[in-house]
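For reference, the structure is listed below as structure tokens.
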């Protein structure tokens, strides 16, 4: 019957369309490529030597850290708040770069034209302008102030830096080996795996770095934790094309009616209470580390005013603090952490899949990629 | 006996045309759609929306530091058409699309006119093609009206002679209009996908209202499901998944990624919807 | 009801004319069947309509007339069996058959928001047999034919039931047709409208067009048709030329006798079945003939005042056929 045949053919069309849709839910099936053997040492060395070429790409951050939503943490908070986030990056192979991150229907773009760093926020319609000297002098200059971007764009844009630092730091305490291959953004890559030595008391199981077989630049970093087969954090290229980039990408002219701010250094510092304390904070406020390797614990002390009420002087946490009744960080910890106490005093602990943090009632902070017990020991010893 | 004289004598046994010329049938369908007062009112309503948004933003000066595109419109008129498309795309445009699709098959069936078309005869597959083209025309008109009204309002009321992109760069007028055209086309493809599915629903029922409810209800359900984190993995099959990405045309360079995904997805929906409509019509008792 | 008429009871299973070696019929079905779930709507209908005939399809509501017509036109696909329309298999060859077929099925279907003329223009645009330049003329002529010229510019929603029906007819007659199928065309029409329809059917017949008219009213079929097909509960129980139908089958003899009871007794003894009806004896003449009946009565010494053939219109056949054997 003709009509039956038409119906049959059309049903095949329905099936094809449904198949197409279904295929969109499946992750791109990347097979492990066959690559010549390489030793871990060789691989690490070649990573150290390689310079990232001019590139354009998209970096996707997949995150199951289990961090509580941090009010007022800005883009960093958004980046770390779970789920998939992506940003576009361009790099000219030397020092100019451009990073663009969308948030809802707005966008934050950072352009480093070699001399000046421009940070454009479409929602605020403001441009913040740093001269290059300042921003590179204190790396935190671009990170901490204003937007509160601890994961500085420059670090993510050049995963090689992360990798090099990690490798250098962790070789003493970790097993470093090449374990299989992967395909990242369509490129063949070696998987460099850092595993903590058995005596390291850490929540982390391994850190996996996919290194491009050709370019020898890190393409992806995965952090795996004990008790989970899915990475807690995966940041890497989902698209990557190398080659010379359009020079215009690395230039920025502020729109006519945009506000342009050139932040003064002291101003910036004062709004970053936790680090590099100015005169009013004592030595205690400077973070120090306890232990080495994977179970390093960072100890610090919050300034007094942050414990009482940070609403007045910390612009960033103001909304959250106001909500919590004006007691700032402490209220936040009380709200999200669970109370603990011991010979060291009492406080609140926040546990995530990759680490823990403890805030004591007298303002001490301990954090690390370790179980809670290690933090408490560190607090007791301090 | 007033009109029995046969002008067109068709000697029996001589092969005659089995169907009217395609162009004539499509033309008749389009004229039918454009003669429907309801459809014209809908277009008029759509034309007013960007004017309203633009006027309000021009008077109030726009929200300061708000999120989304609203804050980007102030003094930047060519964002307005994209904003208007984004706002109407969630409910109004799908509603109008579904309305035309509902009229196309369900409405015709309810009126008894579907029989007339099939008896003319208009082949069943051809009928679905004609109806799909009709829906497509309305989609293009509806989306086009929003965009055009948005551009005019943006230029005249909000005022601008270029476009400040979300990335902070400034585009000249010509390129800016190109971006708006891109958003318009992209939105039209999304609505065409909605229309194809609505047409498939329309082929199964005689109740136009059911088509509207099913289509718009489906979009709302997608919206709800999207908000459930546990269903994140399912998100890529939701037609609405990338609808907010329409603002990606305002990035510089254009953020193609989600836009392209959206096109691919819409293509799948079109294939599913159109095929289902054909399958249903081919065997339907009318 | 006038005219000599013998009661006809056609065999419910036989297709009286299909065996004949005649030129290709306008319409032929064989074992046409349609079931909806477990319900049989049309059961094994073998319809045969010669070219040029005006066939009245008779049956009470729910007898399967409309379903049959819808299958004839390819609107509904048969569960089994086949349809040949103007020599083309339906529904697969709809494209060849339907351009020469005009139809008004299940009432007129038009868009309320458009004028009568615009509605017809839309129908005309879909007609394969109409060339673009002829459309306007065809529409005008169709409107003239059904007497809607003055109302042509009014919106369809303002039409009376009769006007709607006439517009439906106009759409069916946009193009000169080989076959016209009208499903209950006089529904909702006043007597003048009904006459108008009859006139149009007669006109079509005169032009050699084959017409299939369905109706649940006998009078209409008797007034307009040359042939009839009777449907009951989905089965075709009689079909053929109207005249043949009226004459065929077993006629009855009605007798006014001096004493009904003894007359009945006398006939029974002679082996002739009879019954009393309205004070008269009724004898079926299927197995006997009139002289034999009269002779039997006279032989038994019963006075026969009057003997006459039963004069029944199609109405009686229809009534008896559709109300079950009596």
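Every residue gets a Cβ built from N, Cα and C, even glycine.
Those TrEMBL annotations? Automatic predictions, nothing curated.
It is B:68-87, from the ranges B:8-27, B:68-87, that TrEMBL records as transmembrane segment. Feature transmembrane segment, per TrEMBL, maps to range B:133-160 of the set B:105-132, B:133-160.
Counted over residue pairs 6 or more apart, the CB atoms of the transmembrane segment (B:40-62) and the transmembrane segment (B:133-160) come under 8 Å in at least three pairs, which marks the two as touching. Within its own chain, the transmembrane segment (B:133-160) is flanked in space by residues 26, 29-30, 32-33, 39, 42-43, 46-51, 53-55, 57-58, 73-85, 88, 93, 96-97, 100-101, 104, 177, 180-181, 183-184, 187-188, 191-192, 195-196, 198-199, which lie at least six positions past its ends and keep a Cβ under 8 Å from the stretch. Beyond its flanks by at least six residues, the transmembrane segment (B:68-87) meets 49-50, 53-54, 57, 61-62, 93, 143, 146-151, 153-155, 157-160, 162-164, 166, 173, 176-177, 179-180, 183-184, 187, 243-244, 246-247, 249-250 of its own chain at Cβ-Cβ distances under 8 Å. Listed by sequence, the residues of this chain that lie at least six past the ends of the transmembrane segment (B:263-282) yet keep a Cβ under 8 A from its Cβ atoms are 105, 124-125, 127-128, 131-132, 186, 189-190, 192-200, 202-204, 236-237, 239, 241-242.
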